[in-house]
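Here it is, the structure, as structure tokens.
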């Protein structure tokens, strides 16, 4: 045991990993094999995705509705309407790619959880990204199948199983590739807003240089963008799949419209003759219909490029996959909890004045504490004078009872919630009200504060020995309820300023009010949060539940109520 203790306290350089336990515990970055970690992460990711049934079903329903709508728009297109089919094929790629945009929100939220797991060495980054991609793959397969099975036959594309299968396979690859693209954007974006904004320009470039809006021959020196556009490669593969099929290759058309028009002008009698017949005669240069359609957007009819789009999508996925692994391994983005606004000149003056104020010495603190212990009196350690005059009051309640009417469905009658409660609170003291759950603590405080109005109250409540009206009592008391209700668009400082402006006496000047708010910020240690947006309850970008509760206390504190 002594030798073991010495070994554990030695420096890492002095310890040799000689035992099996030492090698297993300290000789690797992760405690288990990569396959074991991968299985664990895959199971976790599958569980997280399966729980979000609404998200998965919404994607499938969207694919079904979109396929029906688009199929109705381009219903049963003729072979001659090649340009419309080009636009339709591009739109299929765009829709199946943009369906992954909804994953940005979940990816951004999940990366913060992944940071904690990775920092704790629970699993390697590669296992996480691979599991992420594999869980998405079944969704992409089913979603694309729903879209392709409905869309493909409705628009009049070549109905052959091999053509449909190639169409479906290319859309699945485009789906997976764009999902990986959005994934790396989510990992690199500093916040949700940036993650939703950054893909826009990149996707716009992909669409513009896909070869449909601008043909490659008109791109000039920007033609290199055509060769890096994911949509361009997918469109070329789908076009070759459709227009190089036997249905289009068996139909001949004039390769040059001007040459055909010139021939017809010279031979009016041939106007009603089929173009295929004229081509067989060698009247003018001819080509197949599929080649002519692809020539409109400068797509080569080389069959060797048949799998070019699929290979590019696969390569695009590999590059973004590797980038996602590196981003998860090297990049750490701290969650920006809340937001701030630029401080005003008055805030800077208050900060400077606060820094100049002398703080009580340690001796003063000790003396004050000792005096409080000996004399049993409340002592304010901070001897600074408040900006607003404060008049202390005592509050007492005697034989307080509260009764509510029971609904007829529950038997009718009345129920007494409070019975003969008597107590008092003195100025400068904190009164703690304790009891078991359901004992009536909240009910008692609500009745004293005048918040319970649905029942019948009996007994007396006095301030400094005098009974006061309900409106006067409300002005002289401050009450923090259990629920924290705040304006989510205001900052902490603005909430306190607003409360102080409404509730302080008219005789209090603006300078005194600002000073009083500044004191409340210091007392409750809210000054670092002064310019932070409150936000929604439970929102990661807003105040935490504890901070919201402190703000609730501060809002009541700046009312300068005698009874708090």
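Any Cβ shown, glycine's included, is placed from N, Cα and C.
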If you check TrEMBL, which stretch out of 87-108, 219-240 is marked transmembrane segment?
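Transmembrane segment, as annotated by TrEMBL, spans 87-108.
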Looking at 32-53, 54-75, 252-273, which stretch does TrEMBL describe as transmembrane segment?
54-75
In TrEMBL, one of 315-337, 338-360, 361-383 is tagged region 'Disordered'. Which stretch would that be?
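Region 'Disordered', as annotated by TrEMBL, spans 338-360.
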Check the transmembrane segment (87-108) against the transmembrane segment (304-325) for contact, please; criterion is three or more CB pairs under 8 Å, pairs 6 or more apart in sequence.
no
With Cβ distances under 8 Å as the criterion, find the stretch in 54-75, 164-186, 198-215 that has the most pairs with the transmembrane segment (304-325).
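Ranking 54-75, 164-186, 198-215 by Cβ pairs under 8 Å to the transmembrane segment (304-325) puts 164-186 first.
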How does the domain 'ABC transporter' (419-563) divide up by DSSP, counting helix, then strand, then coil residues?
57 helix, 21 strand, 67 coil
Who are the long-range neighbours of the transmembrane segment (164-186) in its own chain, taking Cβ under 8 Å and residues 6 or more past its ends?
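92-93, 96-101, 103-104, 107-108, 111, 129, 132-133, 136-137, 140-141, 143-145, 147-148, 152, 157, 195, 198-199, 202, 230-231, 234, 237-238, 241-242, 309-310, 313-314, 316-317, 320-321, 323-324, 327.
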